[in-house]
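Taking it in order: structure first as structure tokens, then the write-up.
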């Protein structure tokens with residue numbers, strides 16, 4: 001493990017990564033860029049003002065501060081290819097390439113990938129025309145903007161009128177992008193099953209469940225996440241898992 005580690009991002013995910021990394025005796029210091037209040041001057045953890053959108057500046061920061069490993073949590077930067085650029089400059093970096101990051105940052109790419117490989121997913125269609133988008137005949141609709149900056153912008157529409165309003169905000173007003181993906185709404189529990197892989201070996205994490213709706217009782221608008229918990233009581237635990 002590297003003596004000095006750089007975590008890129010500013011959310012709770014990066015806070016958790018920095019907090020856990022700082023507990024390792026192999027880590028001398030954890031820089032977080034840009035970080036947040038929880039990662040500011042906290043023992044072995046400190047924030048950095050390095051301009052993370054400029055990959056050349058980040059690369060130079062890593063070389064100037066003898067950073068042995070970079071972990072990228074911010075999804076827009078992953079989609080922009082920061083991992084590719086850092087690795088090309090000889091900086092060790094944990095995170096997917098820009099091509100692989102499309103599975104999280106590009107909804108239409110991810111849905112097409114699922115269809116192509118026979119992985120079950122909700123029925124869907126992608127649109128660049130708002131009038132055509134409003135004509136979908138799914139009984140219940142999930143309206144998603146496309147693109148890394150808009151991945152969290154999801155509207156669960158109970159009616160065609162509500163779906164059309166979401167489409168107008170995304171496409172006609174250009175708030176989040178010029179393409180929209182409309183999916184059939186699937187009912188049931190939603191879980192996240194994450195894993196680590198080096199391209200050959202897979203190490204799975206326990207399933208987790210995020211609080212997506214703004215209000216108690218799964219009410220209110222959808223959010224990017226209001227926290228999460230693990231283990232999940234809906235999933236039976238076994239000694240072999």
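Using the three backbone atoms N, Cα and C, a Cβ is placed for every residue, glycine included.
Taken from TrEMBL, the feature domain 'Phosphoribosylglycinamide synthetase N-terminal' applies to 4-103.
Marked as domain 'Phosphoribosylglycinamide synthetase ATP-grasp (A)' by TrEMBL: 106-237.
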On the DSSP side of things, how many residues of the domain 'Phosphoribosylglycinamide synthetase ATP-grasp (A)' (106-237) fall into helix, strand and coil, could you say?
30 helix, 37 strand, 65 coil
Based on DSSP, tally up the residues of the domain 'Phosphoribosylglycinamide synthetase N-terminal' (4-103) by helix, strand and coil.
42 helix, 22 strand, 36 coil
